[in-house]
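Participant: Mind having a look at this structure? Questions to follow.
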Amino acid sequence: MQIEEQIPLAPYTTLRIGGPARFFCHAATPEELLDAVAFARKRHVGIFVLGGGSNLLVSDAGFDGLVIHLQFNGPIVFIPDGDAVLCDVDAGTPWNDFVQEVCAVGLGGVECLAGIPGLTGGTPVQNVGAYGQEVAQTIVRVTVLDLETLHFEELGSEHCGFAYRTSIFNTTHRGRYIVTSVRFRLTPGARPNLTYADLKRHFGDDQPTLVETYDAVRQIRRSKGMLLVDEEPDSRSAGSFFKNPVVPLAALSAIAERLNMTEEAIPNWPAGGGRTKLPAAWLLDQAGFHRGYEMGHAGISSRHTLALINRTGLATCADICQLRDAIVAEVAARFGIQLEQEPVYLR
C-alpha cells in the first residue's frame, strides 16, 4: 500500500469538483485497510472512505486527512438459502455490475436500482433507492470494520437503522464503521417490481423479464440525465441533490393556499404518522428553478430538476453551493420547507 500526498479529488467524483486530499491511498484487501487506518492514527488525521464518488461534493480546499479509495472487488458469492439466494458482494464492486449480473441469472429484488452509479459499499450507507425499491428490502447483513475496536464485524439489517436515505452509517454511527461487504437476499424467478409510474408507462400491459426491466430503468435514467455518460454535461452531477421532504399533512393546505390550488393537485405520497412526502423536484419547479437553469458555471440538469450540475466543467464547489443555497432559501421562503442536501459534503 502506497500513501500519496496532495492528490486532487475532482477526478474521483462524478461532479468533477474538489480540492486535494492531504493523504491518499488505495486499499484492496482487509490488511491494506488496517494499514491505512494505522497510518491515519499515527498522523492524527481523519479518515474518509471514497467509493465511486457519485454521491459526493468535495470542498475546494479538499480534505485535510487520509482518503482511502476502497477497491475490494472479488467475485460475487452465491449461496442457496431455501427459496432465495444469498449474494455476498464486496464493497468495491461497482453497483450496476452487481445488478446486471443478478438480473441476468434471474434473481429479483434490485432490478429497479439499475444504473445507479457508485460502489456496492455505499448502498447501505444511504439506503439507496429508486423506482420503487431500496436496498434495505434485500440486505441481510453488512460486514464492517469497526474503527473503535479495529475488528471486522457483521451487522444484521435490523441493526442498521434503515430509513428513507439514511442508516446508522450516515447518522448515529457516522464515521465509526467502514463497510467492506454486503449480503443480499434475492428471489429466483421473481416478477419485476413495476410499481413506479415511469415503468408502468414504459411497459403498459406487458410483463417484462428482470433483464428487460434492468434495461428499461437504465433507459429511463438516461432520458433524465441520471445515467453517467462521459460526453454528456448533465452527467457531471451527484445525482439527486435534495431529499424529498417529509412534512405534516397540514403543510399541504398552506402550500395549496400560497399557490392558489387544491390540496389534491399537489403531488405527495403518504409517509405515515400524519405526515406526507413531497417531491423536491416539484417544489423547485414551483420556486422558479427549472430544468436547464444556469448560475455561472453551475446549473440544473436540462433533463432532471433535482440534479445540480457542473455545467461547463469549470464549476467549483463554491459555485454549486451558491446555487444550492439560492434554491434552499427560495423554497423555504415560499413554502416554509427546509430542503436537505443528499450528497455527502467533504471538507
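Just so you know, glycine gets a Cβ as well, placed from its N, Cα and C.
Note that the structure is a prediction, hence the values are computed from the model and not measured.
Annotations per TrEMBL:
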- R165: active site (ACT_SITE)
- S240: active site, proton donor (ACT_SITE)
- E342: active site (ACT_SITE)
- 16-189: domain 'FAD-binding PCMH-type' (DOMAIN)
Participant: For E342 (active site), write down the residues of its own chain that are at least 6 apart in sequence and whose Cβ falls under 8 Å from its Cβ; none is a fine answer.
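Facilitator: Spatial neighbours, sequence-distant, of E342 (active site): N55, Q126, R165, A238, G239, S240, F241, F242, K243.
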Participant: Inside 10 Å of the Cβ of the residue listed as 'active site, proton donor', count up the other Cβ atoms and send me the figure.
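Facilitator: Around the residue listed as 'active site, proton donor', other Cβ atoms within 10 Å: 20.
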Participant: For S240 (active site, proton donor), which of the three DSSP-derived states applies: helix, strand, or coil?
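Facilitator: Strand, per DSSP.
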Participant: Given the model, what does the mean pLDDT over the domain 'FAD-binding PCMH-type' (16-189) come out as?
Facilitator: 97
Participant: Three states by DSSP: which one describes E342 (active site)?
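Facilitator: Note: E342 (active site) is coil by DSSP, not helix or strand.
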Participant: I'd like the Cβ neighbour count for R165 (active site), meaning other Cβ atoms within 10 Å of its Cβ, all protein chains included.
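Facilitator: Summing over all protein chains shown, R165 (active site) has 18 other Cβ atoms within 10 Å.
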